[in-house]
Structures are given as C-alpha cells and as structure tokens.
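**Q** Copying in the features that TrEMBL gives for the protein in this structure:
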| type | residues | note |
| --- | --- | --- |
| DOMAIN | 1-46 | domain 'Transposase putative helix-turn-helix' |
| DOMAIN | 195-318 | domain 'Probable transposase IS891/IS1136/IS1341' |
| DOMAIN | 332-397 | domain 'Cas12f1-like TNB' |
| REGION | 407-465 | region 'Disordered' |
| COMPBIAS | 421-442 | compositional bias 'Low complexity' |
Amino acid sequence: MSSVIQAYRFALDLGPGQEQALRSHCGGRRRAFNWGLARIKANLDQRAAERTCGLAEAELTPSLWWSAYSLRKDWNLAKDEVAPWWAENSKEVYSCGLADLAAALGNWADSKRGKRKGRGLGFPRFKGKRSGLSCRFTTGAFGLAEDRRHVKLPRIGLVRTHESTRKLARHVERGTARIRSATVSHRGGRWFVSFSVEITRASTAPSRPESVVGVDLGVKSLAVLSTGETIPNPRHLDVALGELRRLQRQAARRAGPDRRTRRVPSNRWRKTQARITRLHTRVANVRRDGLHKLTTALVRTHGTVVIEDLNVSGMIRNRRLARRVAGVGMAELRRQIEYKAGWSGVRVHVADRWYPSSKTCSACGVVKAKLCLAERIYRCEVCGLVLDRDLNAARNLAALVQCETSSPSCGATRNEPAGNPGKTRTTRATGTATGRPAPTGTGHRRRRKAPTASTQWTHVHSHFR
Ligand SMILES: [Zn+2]
C-alpha cells in the first residue's frame, strides 16, 4: 500500500451560461495575480530607486511581504476598489491567483540566491488575456456528483462531464481517495476539470520480477524492446498528420493577421485555426494514449527497465530530427516510466547519455566508430552479426543491467577509460574519456583527496593527464 498524488481529468460539457461563469472565474484569478504583482513590483522599484539615491537601508520604504497570506489580507482590504465585481466569483479564485503569485515570487527569489536547481528564473510577468485560462479551488463545495456524470464546482454548481467519473468515484466511495483540489482549465477549445487526488494504491508487483528489458525509443516505431517486441506507433497518427498538413496549407491561403499592416484575420482563417488547434490536441491525445499503454505494460511485466538518457532538447534543435523526436514524446515516456515504476517497485535504470547503445555490437561488444542514422540494419564487421538497428540498441541497454548483476568484473571492464564510454548513471565517475567536462563540485574534490573506488581514480587521473 502506498499513498500517491494523482490527477483525474475530465472534459466538461458546459451548459448555457456556464462557460461565461468559468471565464469570469479565470479572469478573477488573473486580476488578483496582476494586482499583487503590480504592488510588489512598485515596492521593489521604489526601494531600488531610493538605494541609488544613497539612502541607508533603514530609511528605505519598508518592503512588502509576499507570502500568500499577507497578499490575501491586502487583497481583502483593496478588493472593493480594485475589483468591485469580486462577489460574482468564488473567493477561491482570488486566493488561487495570489498563492500562485507568492509561489512565483518565491521561486524567483530562490533562483536569484542560487537555492534552485536548473536555469535561472526571471521575475514573474503580468498575465495577459492570451495566457492560459485556469483557476483552482482548494476549499469549498467541489467534488463528484452521485450520478457519476457531473462534477460540483463552487459557485458554478453542477457541470456535466463528457465521460463517466466512475474511476475516481469508486475510489472515493471505497475511502481510498481524498480529493485535494479541483483545477478548471481551457485547452485546445475544451474545458477540463482536473482533480488532484491523494490515492492509497495497492502496490502491484510486476509479473516477471527478475526480467530485464531494454527500451529503445524508435523513429519508425514507437519503441523496440530487447525481447524482440516492436511497439508500433499509435494508429491514426499518420492520418492525423496528413490532415494537419492539409489544414495548414488551407490556413496559408486565407487572410491571417498581419502586425505591420494591422490586418485583422478573416473569419475563414479563424475557423481553420480552430480546426488546427483541435487536430493538434487530437494528435497529442493519441500519442499520450500510446505512451501510457506502453509504459503501463512495461512496469507490469518487467522487474527492471533500462532506458536511455537522451538529450531531447538538443535533438530537437537539430532540424532534421526535430519532428520525429518531438513526435515520439521521449521525455514524456521517461517521465511516465519513472513514476509508474515507483508504484510497483520496478527498478528503472537510465543509461548514460554518452553510452553508444546503437554503435555497440550486442553480440561481441565492439563499438563502431560511425553509424549513419539512415543505416537501419546493424552489421558487425568482427562477428558478422546482422540485426535491426533498434533491436541491437535495446539489447545493449538490457545488457547494461544484466552485466552488473551477473558479474561485477564485467562492469569494471566496461568502465575502462581507454575510450569505451560504456558507463551508466549508477557507476558514474567524474571526468570522462569522451570529453565531458568534470563537474567542479565538492564531491569531486573529495574524491581526488581520498580515492576510495579504484575505477573512479583512474577516471580522474585520465582526465588530468
Ligand atoms: Zn559483433
């Protein structure tokens, strides 16, 4: 039994006046967010200006607190003046906007102080009319209706859903789910409600716990497994892509907006755009469905799943690969495998980004110097292996783990700094023969002073030679 937080999303079938009410709620959230941001920004600018005039810290205008609590308190004092229509919407949406603002400011401050991983975050920006419509309810009357075809929302009341809510309703009735919040959002021409739910899951062990499977994300097919299975791309995907091409040609023939001449888009252009949006959503849905089916099947069957750590954003920057890679949704696949593996106790092994899974021969272990992307069949010159390229890669991935568990010496030979970069994340050493710069962290320095693992020492050594 494990407790996880899961989202249940339902498309909404809005009745008359309900869309207007939802838009009003989302607008209320935007108003509160922008109001708070303007206040904080003015305060910060004022203090910065005073500092440049040479005022001492104590003489500056006092800084404003930006916790969600104090922002809400200030909003309640100002709302009659700022938004006299506030009573039309649930008060939750204003709290939601201010809480989001507090989180955004906190993230920005942490990022500036270097307390956050990843790329630096900028100062929060004002939300325009075109930013996504959404609002969140955390308290009040929201949840599922008894008939399993409606959801309850504060202020708005009962809203019909396009599909039955039984999957979540059963959990709620059994007492294994607690709904924490409801988020309403508008995406691809449709309204959705997404419940964030704390669910107690019975953990399901995989049917073959000792089996190791390597997954090579394909270009032609969705994925190739080391077991020899090929998972084809979801059906309808190519049809939808052809249709998308047709619609985009159609849009190009119609009069779209032009900033320079201030041309207003024609209604015909707008109609085509709406169709394109719908189709994009459909393609994304088909793709996500295929990925979910694959990842669920993987973690239900195998005890260990080996995937590659692909440099997805780098590959998308390569124009020729871009659509293919983005199309398969590689990053999404990894995300799904990782969280689903946590539910069923499956081990996920992520091969190092520089591990040449495609270039290595899965029979004799020889690494080819070069392998074109167009070569779909792997031919080994040393042992004469002829195998599908993706299957060869998948087998290499699976071998990474099988190798480690069966004989430790095998893993060590793979880690030789003589040019074979067959390393994985679990046996990661600093500085590599492939030219990846050694990280300059404290851990690195510690290793140099007291080399405990001999393999790591040889790596550091070779790097500094
Ligand atoms: Zn070979």
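Every residue gets a Cβ built from N, Cα and C, even glycine.
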**Q** Which numbers of helix, strand and coil residues does DSSP report for the domain 'Cas12f1-like TNB' (332-397)?
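**A** Helix, strand, coil within the domain 'Cas12f1-like TNB' (332-397): 22 helix, 13 strand, 31 coil.
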**Q** Of the residues in the domain 'Probable transposase IS891/IS1136/IS1341' (195-318), how many are helix, strand and coil by DSSP?
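**A** The counts are 58 helix, 31 strand, 35 coil.
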**Q** Determine how many residues of the domain 'Transposase putative helix-turn-helix' (1-46) DSSP places in helix, in strand and in coil.
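**A** Secondary-structure composition of the domain 'Transposase putative helix-turn-helix' (1-46): 29 helix, 12 strand, 5 coil.
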**Q** Given the model, what does the mean pLDDT over the domain 'Transposase putative helix-turn-helix' (1-46) come out as?
**A** 93
